[in-house]
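Quick look at what TrEMBL lists:
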TRANSMEM  B:12-35  transmembrane segment
DOMAIN    B:21-441  domain 'DUF112'
TRANSMEM  B:47-73  transmembrane segment
TRANSMEM  B:111-134  transmembrane segment
TRANSMEM  B:140-164  transmembrane segment
TRANSMEM  B:171-189  transmembrane segment
TRANSMEM  B:209-225  transmembrane segment
TRANSMEM  B:261-282  transmembrane segment
TRANSMEM  B:324-345  transmembrane segment
TRANSMEM  B:357-377  transmembrane segment
TRANSMEM  B:389-409  transmembrane segment
TRANSMEM  B:416-444  transmembrane segment
TRANSMEM  B:464-491  transmembrane segment
Amino acid sequence: MKRKLIAVAILATGLSATGASAAECIAPADPGGGWDFTCRTVGRLLTELGIEESPVQVTNMPGGVGAVAFANVAGKRADEADLLVATSTVGVTQIAQGKYPGDVDVMRWVGMLGSDVGVIVVPADSEYQSLDDLMGALKQGPTSVPVAGSSGAGGWDHIRLLMLADTAGMSGDDYKSIRWVQFDGGSPAVTQMMGGQVGAVSTDLGEIAGFVESGDIKILAALSDEPIPAFPDAPTAKSQGYDVTGYNWRGFYTGGDVSEADYDNWVNELKTLYDSDEWKAAAEANGLIPVWRGGAEFETYVQDQSNLMAEISRQIGVIK
Amino acid sequence: MDILTSLMDGFAVALTPTNIALAIFGCFVGTLIGALPGLGPVNGVAILIPVAFAMKLEPGSALIMLSCIYYGCMYGGRISSIMLNIPGDEPAIMTTLDGYPMAKKGKAAQALGISAMASFVGATVATIGLTFFAPLLAKAAIYFGPADYFALYVMAFATIGGVAGVNPIKTLIAAMIGLMLASVGLDPATGTARFTFGSYHLYDGFDPIVSIVGLFAISEVIMYFEREANGGADQAVPLNKGLPKIREMFAGFSASLRGSFIGFICGVLPGAGASLGAFVSYSVEKQVSDQDGTFGTGDPRGIAAPEAGNNAASGGALIPMLTLGVPGSGTTAVMLALLISLNIQPGPLLFERQPEIVWGLIASLYLANVVLLVMNVPMVGLFTRLLSLPQWLLMPVVIMVSFIGIYSISHSPFDLLVMIGFGVLGYVLRKLDISLVPVVLGLLLGADMENNLRRALSISGGDFAILFQSWIALVIYAFTALMLALTLAMARRRPKRETI
């Protein structure tokens with residue numbers, strides 16, 4: 001019996017820590033979330049397509065919305081060539097608000113493979129049938145419509161709503177008093193909205209697309225430049241006169257001290273993956289729009305986004 | 001009839017030789033993972049997802065294997081609760097209350113038999129509920145708002161005083177310690193760090209599983225050192241070899257049914273879950289049937305109710321996961337991730353779009369239940385032999401499994417330190433004769449209770465009246481008041497037992 005216990009324990013650890021030669025992807029969250037999905041799907045495809053020879057190891061390192069993994073890589077594994085860490089706009093928002101031990105320039109930003117699109121949704125039978133309706137109601141009484149999302153106050157879901165409110169001409173004091181309710185994900189927020197607890201939800205489309213397809217909820221505004229391919233009829237905020245976009249890209253960083261050659265190697269591998277049909281299919285199945293930015297272009301992009309986030313966060317009073 | 005036809009189609013998917021073999025493998029591995037302290041269903045499923053991919057299984061087969069692991073873990077969690085007083089996973093903590101005392105009386109085989117039967121009843125009730133009422137229940141569950149969930153947690157904590165030990169004050173102290181520990185970490189509503197002392201490792205608070213392994217397993221080892229240092233011999237546990245009789249396994253059967261019902265409801269509500277299910281099942285059962293104060297000393301009903309409750313809740317939790325895409329617990333979150341990576345999108349359209357997957361999964365759950373029951377009865381003999389191992393052999397294994405299990409969750413040495421810290425805390429509390437179960441309940445449920453309170457207050461803009469504005473919440477408060485009144489009345493009527 002005991003031998004069996006030990007065998008299982010060894011098996012269990014062995015599976016999660018194979019040899020040093022294999023590439024490793026750190027998902028800085030518990031199994032089940034978006035970062036975990038990014039690592040597992042990309043890891044699986046890198047192996048299946050033969051881009052990486054041995055299976056890519058996925059390690060979950062949850063904590064502090066990615067801060068624990070960031071600190072770990074910055075402190076101990078900054079020069080490891082075989083390492084990728086999954087991240088997204090949410091991670092960059094955290095960095096911009098000073099919630100990670102370091103700035104974006106601590107890491108090398110490898111590339112983004114796709115992007116989720118922010119949406120504002122309401123129940124299908126809601127009294128608000130356009131973004132103007134909802135924003136009008138919020139202007140009239142900022143506390144009249146509680147809005148929910150998957151991030152806490154000051155997180156990316158919240159910021160996107162406030163950007164809309166700002167564009168709608170609400171004053172800072174007014175939009176700061178909009179009631180914001182945090183749930184542990186887009187789906188719980190949407191189901192609570194369907195149960196009548198909140199009036200609208202601001203979050204990423206990918207996780208909640210099923211509710212739009214089933215007709216339970218309605219997209220008031222897609223925060224993208226172009227209409228979303230899967231829902232061409234859903235109007236963008238831009239088409240309604242609100243010049244706001246809010247993507248949530250999915251991508252990777254690696255340690256700040258990796259050699260230029262190793263960095264380029266990762267950029268090339270991810271680009272090869274991005275160009276495959278398999279990635280396009282996997283991305284679409286999960287509500288992501290395939291978008292590529294890699295290498296130097298991506299590093300500049302992340303730096304710019306971080307600056308922008310810091311500015312918005314200051315504007316709305318999340319940081320000083 | 002439609003449902004039965006679909007279910008038959010599901011069995012046609014599940015009952016191929018490969019899938020049966022995978023189901024048996026999943027049940028076996030699941031039971032072992034569940035039994036190991038620290039390794040629970042979350043890691044079990046997460047660790048084996050890559051294995052399923054590496055074996056190039058069809059999506060249906062992968063799902064069958066992994067859901068059998070999930071059910072298997074829920075069965076297995078009880079084993080170390082009963083044999084070692086160390087819960088194998090979070091929902092199994094309630095099983096320590098009567099399971100371990102029963103094993104100490106030499107009735108380990110019976111305790112394992114009763115809990116196997118109760119697990120079977122609970123999981124079967126939940127699977128039947130899933131088969132027939134899934135879409136309906138999902139529709140009902142969405143009307144449960146934050147204020148209602150908060151009322152549910154109030155009910156749970158209102159009954160905590162009677163749950164463990166003879167001294168309600170000590171139980172309350174223990175629960176308070178748990179609630180205080182639950183407040184460590186990022187404030188969910190605003191992202192402000194609380195009591196983290198600048199350490200990023202504390203941002204997510206204390207992981208309940210780390211605290212459970214520390215409180216129970218590590219403190220057990222410290223207690224052992226103390227006994228050895230004092231030259232005290234191990235208390236020999238009387239052993240009855242062999243298997244429980246069929247008749248004995250049905251002890252507490254009606255408690256199983258009540259527990260299943262309560263657990264199932266807690267499972268269907270995405271904000272509740274299996275730990276709450278087991279807890280409420282136990283405390284309600286205690287209110288209903290503990291006339292002579294035998295709960296906590298090895299009462300069969302005290303094993304049957306929480307075991308049925310936690311297994312029913314795990315099955316019930318699949319309903320919001322499949323029909324709404326809302327995971328009610330860590331494990332269903334992993335299952336959700338698995339489904340998504342198999343290109344199956346849970347949500348309102350799943351039953352229409354991919355019926356063969358859903359019904360194949362449901363059929364495999366029935367299969368898993370039967371396999372687990374059949375497998376668990378002969379395994380009773382194997383597990384009871386654990387107790388005949390000398391302590392000097394058992395304790396190092398407990399330590400090793402604890403360290404490996406906890407490290408494998410997040411690869412964080414910091415968690416090991418937290419675990420040791422909890423071990424010392426557990427030792428101190430045991431010395432003060434304070435039950436450890438309420439500490440874990442406080443830690444486990446406190447965060448959810450707070451989140452729901454915060455959400456309710458965010459909706460109302462800080463007005464506490466929202467807590468009493470929904471009829472669901474009012475019904476729950478009325479039920480809570482009734483249970484408290486019942487407890488007080490029973491305490492009056494029952495002649496004072498000497499405190500032990």
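Positions of Cβ are set from backbone N, Cα and C atoms, glycine also.
Count of Cβ pairs under 8 Å against the transmembrane segment (B:416-444): among B:47-73, B:111-134, B:209-225, B:261-282, B:324-345, the largest is for B:209-225. By the Cβ criterion (distance under 8 Å, sequence gap of 6 or more), the transmembrane segment (B:111-134) is not counted as touching the transmembrane segment (B:324-345), fewer than 3 such pairs being found. Counted as Cβ pairs under 8 Å, contacts with the transmembrane segment (B:324-345) are highest for B:47-73 among B:12-35, B:47-73, B:140-164, B:209-225, B:357-377. Of the recorded ranges B:12-35, B:140-164, B:171-189, B:209-225, B:261-282, the transmembrane segment (B:389-409) has the largest number of C-beta contacts under 8 angstroms with B:209-225. Here the transmembrane segment (B:261-282) has long-range neighbours at 74, 90-95, 97, 122, 125-126, 129, 137-138, 140-141, 144, 146, 149, 152-153, 155-156, 159, 163, 302, 305-320, 324, 326-329, 441, 444-445, 448, 452, meaning same-chain residues at least 6 beyond its ends whose C-beta is under 8 angstroms from one of its own.
Under 8 Å from some Cβ of the transmembrane segment (B:209-225) lie the Cβ atoms of residues 37-38, 40, 42, 84-87, 89-90, 93, 96, 181, 391, 395, 398-399, 402, 405-406, 409, 415, 418-427, 429-430, 436, 439-440, 443, all in the same chain and six or more residues away from its ends. Most Cβ pairs under 8 A with the transmembrane segment (B:47-73) among the ranges B:12-35, B:140-164, B:357-377, B:464-491 are made by B:12-35. As a quick check, the transmembrane segment (B:357-377) and the transmembrane segment (B:140-164) miss the bar of 3 or more Cβ pairs under 8 A, pairs 6 or more apart, so the two do not touch.
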